[in-house]
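Per TrEMBL, these features apply:
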{"type": "DOMAIN", "residues": "22-82", "note": "domain 'Homeobox'"}
{"type": "DNA_BIND", "residues": "24-83", "note": "DNA-binding region"}
{"type": "COILED", "residues": "74-108", "note": "coiled coil"}
Amino acid sequence: MFDGGDNYTQEMMSVTGISTTKTKNNNKRRFSDEQIKSLELMFESETRLEPGKKLEVAKELGLHPRQVAIWFQNKRARWKSKQLEQDYSILQANYNILASKLESLKKEKQGLVIQVLLS
């Protein structure tokens, strides 16, 4: 009896190392730990994959090329966000140092102005 493919889909996903987790509104596919480790290692050496390399990686990991492409796209977006956060933190720290120095200079100037007025 045909069951709509649900069992077949679940069997294929377990064979390829992909698990599903039901969320409120949709099914969400997740990569296995091994697949993620492999993708992370590749991302360290190259943040963009050529089409041939993408096909090779997908075949090697038992994924669809589109899954690999989307993973890399999402990873680049997260990486860029993280870089922006780090850059912002550095700029904020530098700003705080400069603001502190400005306040110190203002106080020093005020003290000098008072000295000049009193002499």
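Cβ atoms are placed via backbone N, Cα and C, with glycine included.
Bear in mind that TrEMBL entries carry predicted annotations, made automatically and left uncurated.
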The DNA-binding region (24-83) - residue tally per DSSP class, helix then strand then coil: 43 helix, 4 strand, 13 coil
Local confidence of the domain 'Homeobox' (22-82) - pLDDT mean: 90
